Amino acid sequence: KGTIHLFRKSQRSLVGKLTHEFRLVAADRRSWKILLFGAINLICIGFLLMWCSSTNSIALTAYTYLTIFDLFSLVTCLISYWIMMKKPTPVYSFGFERLEVLAVFASTVLAQLGALFILKESAERFLEQPEIHTGRLLVGTFVALFFNLFTMLSIKNKPFAYVSEAASTSWLQEHVADLSRSICGIIPGLSSIFLPRMNPFVLIDIAGALALCITYMLIEINNYFAVDTASAIAIALMTFGTMYPMSVYSGKVLLQTTPPHVIGQLDKLIREVSTLDGVLEVRNEHFWTLGFGTLAGSVHVRIRRDANEQMVLAHVTNRLYTLVSTLTVQIFKDDWIRPTLSSVPIANNILNLSDHHIIPMPSLKAADNLNPATSTPAKPSSPPPEFSFNTPGKNVSPVILLNTQTKPYGLGLNHGSTPYSSVLNQGLGIPGMGAAQGFRTGFANVPSRYGTNAHGQPRP
């Protein structure tokens, strides 16, 4: 019975909601390691940026961007832990798995934007190459390499591990694979290390550190400062080539496309479902990747009218659930199309059509303008027509008459005494002769019931 607030503000602001969710994640012990590595990463990034400014090396700056990408990967791993704690809601009925896909896509795109920024700065440095100080260049390289490898090997990052395996190989991985085959041909014992598909993040960390070591040696020996710019371009191209396949894969997941490697299996399952007992048709099937390793789908199944819906639903779900974890199946029975008997509502007093006669009658709208001699509209300026016929079926509307008279027991004669004079005056012909063939009058179009009244006089 208190005051009613029509426009009450939300109890928590955006910052309050984020703080609440962060506390929910921090309550899990598994996230403590990620938070610790995140804090160390921030400290390492601060020192690397200061060393980049003191050495004036753009190659070290490009390598530092990989450390910043490691920070994004730690945030993605933290989001993955938060998603495992959250349950689906009425608003997000499929859960929050797509949020980690969005985090991977955003991280890889930001890494590519950083690579493009390095390429732009390198193009400017080719015009005017500054002097590079090598005092802390080698120290920064090893600090960044050690921290990147330690982070990648210590933290089990489920989203990026899945994307690195599912996405297509980068050009750096292909070249290293060719080199590994050549080395393993000479030393077969190294096949267990080099022949499997190498981790792209570890590969780019090692390749970037190798480029910085070559830069340090060339600058110390020959003072060749342009090699720093060339190394920055090489690191930027390797970063772009490594992140681009991951961006494409995560982008396709966000666009709800069907993974190419499961299309053949899905077609086989759909054919098996269409052959189940009671199933007539499988249509409107749509399957898409909900998250990393999670496939969702919906399908419409048309069944026979005598089929058991629950039995068919159980069989269809059992077949498709082996591949599609989140499945929606809509079952509907086959419906025969029945023709509509009448599109006009029938009156309540007309229920039994056997007690009624449907007789086509001419229109009565121009009865007052009819000529008594010809039963056609009179035209004062033209002579009456020589012949006038009522063509059956033309300009005739059906009229429903109640069959109140008793059916005759003879040759089709009506009951009641009807004088011949009345019949001749009405122009209906002789009774029992069928249709009127004799005289036509102006009242031939008026439906009438003939008989006698109580006084023996004829009545219309």
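Backbone N, Cα and C define each Cβ position, glycine as well.
Note that this is a predicted model, so its numbers are computed, not measured.
Taken verbatim from TrEMBL:
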type	residues	note
TRANSMEM	32-51	transmembrane segment
DOMAIN	35-255	domain 'Cation efflux protein transmembrane'
TRANSMEM	63-84	transmembrane segment
TRANSMEM	96-117	transmembrane segment
TRANSMEM	137-155	transmembrane segment
TRANSMEM	201-219	transmembrane segment
TRANSMEM	225-244	transmembrane segment
REGION	369-390	region 'Disordered'
Contact between the transmembrane segment (137-155) and the transmembrane segment (96-117) (at least 3 Cβ pairs under 8 Å, separation 6+): no
Stretch among 32-51, 96-117, 201-219, 225-244 sharing the most Cβ pairs under 8 Å with the transmembrane segment (63-84): 96-117
Cβ contacts under 8 Å made by the transmembrane segment (96-117) with residues that lie 6+ beyond its boundaries: 62, 65-66, 68-69, 72-73, 75-76, 79-80, 82-83, 86, 159-160, 163, 236-237, 239-240, 243-244, 246-247, 250-251, 253-254, 290-292, 294
